[in-house]
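Noted in Swiss-Prot for the protein shown:
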- 17, 18, 19, 20, 21, 22, 23, 24, 25, 40: ATP binding site (BINDING)
- 134: active site, proton acceptor (ACT_SITE)
- 156: phosphoserine (MOD_RES)
- 170: phosphothreonine (MOD_RES)
- 331-360: region 'PPI' (REGION)
């Protein structure tokens with residue numbers, strides 16, 4: 001455990017600035033220069049346990065090539081036997097999420113200024129062949145002067161990760177900010193999906209609320225596929241047009257970065273960011289990722305990739321456990337995804353219920369199943385409801401709810417449904 005006053009190389013560690021599932025960030029001082037930094041401390045054992053070495057390496061490699069005033073800088077990476085230390089630019093103004101929650105929406109003038117900086121940073125990334133894939137308010141920090149700094153590139157992709165069809169194929173991001181083509185689990189253009197996320201951020205900046213939101217994840221996804229969020233009357237026509245063009249559900253007709261920069265609303269009082277893009281020498285130790293060979297050889301297509309439904313990411317701001325498959329089997333309500341067609345999925349669920357001896361009541365995409373059992377010692381059984389929510393033709397959510405009954409039987413039922421009908425990557429992750 002790191003204690004206050006401990007040193008890592010020339011850095012003296014101080015208070016904790018933030019903490020996530022697999023890392024914590026501490027304030028640090030360079031004892032030679034007095035300069036302030038933020039050091040992200042990652043336990044190697046945690047990397048091994050969660051199989052996220054690929055993502056952390058990707059974050060480091062991505063930050064190495066980015067040098068822009070609106071992007072958090074990586075200064076160096078150090079390692080001990082048990083930890084990795086990423087020495088980052090210290091940004092003291094908190095994140096945009098906290099700013100909106102505490103003070104509400106921004107004026108259109110303030111919001112446009114921040115949005116211009118966001119687009120400058122994202123445009124720079126895209127020109128470098130880097131696509132963030134997890135842009136959200138929590139990943140936009142504010143410095144002491146109110147300038148934005150984009151952070152958390154753990155889900156980012158470089159242009160060489162595109163397949164032969166020229167598209168990315170890994171579902172990444174946070175549900176409220178994810179583009180419809182990403183949720184559809186098909187190939188997508190990284191630049192277009194980032195633009196969608198920027199559109200969501202612009203909407204929140206100017207309205208103080210999310211464009212696509214609901215307590216039910218399936219409903220959120222339906223709203224995203226439909227697009228066309230309600231825009232308050234106080235939003236100017238120029239801003240309204242910009243939002244609608246960025247939140248176009250069709251990635252082909254969605255506005256590009258060039259189109260955004262050419263828009264009159266964006267150009268108003270716009271001053272492009274100045275930056276020096278000369279190459280720097282980064283101190284990246286060769287032994288930072290010395291792990292067992294099988295860890296290094298893990299395929300990027302394995303469940304180590306974090307997506308919108310398997311979020312084990314570096315941030316604690318978003319926890320999907322209340323929505324999705326990380327819920328404990330003992331809990332009354334469990335959800336998982338399936339790539340089967342909704343009609344086939346419902347028929348297969350009905351078959352499994354029947355084979356396990358349940359009596360069924362069926363209504364639309366909802367099944368109520370009851371099983372009564374008696375033993376010498378007690379009367380037992382199980383009453384459950386299963387419902388299918390269609391998010392897209394190739395992606396459905398199954399929700400299983402226990403009304404009452406035997407927890408062990410409920411677990412058997414859930415595990416069979418998941419094994420036979422769930423997405424294969426989820427089966428490996430959940431039943432490990």
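For all residues, glycine too, the Cβ spot is worked out from N, Cα and C.
As a whole-number mean, the pLDDT of the region 'PPI' (331-360) in this prediction is 83. Summary: among the recorded positions (19, 134), the fewest other C-beta atoms within 10 A of the C-beta are counted at 19.
With respect to their backbone Cα atoms, residue 25 (ATP binding site) and the residue listed as 'active site, proton acceptor' stand 19 Å from each other. Rounded to a whole value, the Cα-Cα separation of residue 23 (ATP binding site) and residue 134 (active site, proton acceptor) is 17 Å.
Of all the binding-site residues listed (17, 23, 25), 23 sits in the most crowded Cβ setting, with the most other Cβ atoms within 10 Å. A straight line from the CA of residue 19 (ATP binding site) to the CA of the residue listed as 'active site, proton acceptor' spans 18 Å. Helix, strand and coil residue tallies for the region 'PPI' (331-360), in that order: 14 helix, 8 strand, 8 coil [DSSP].
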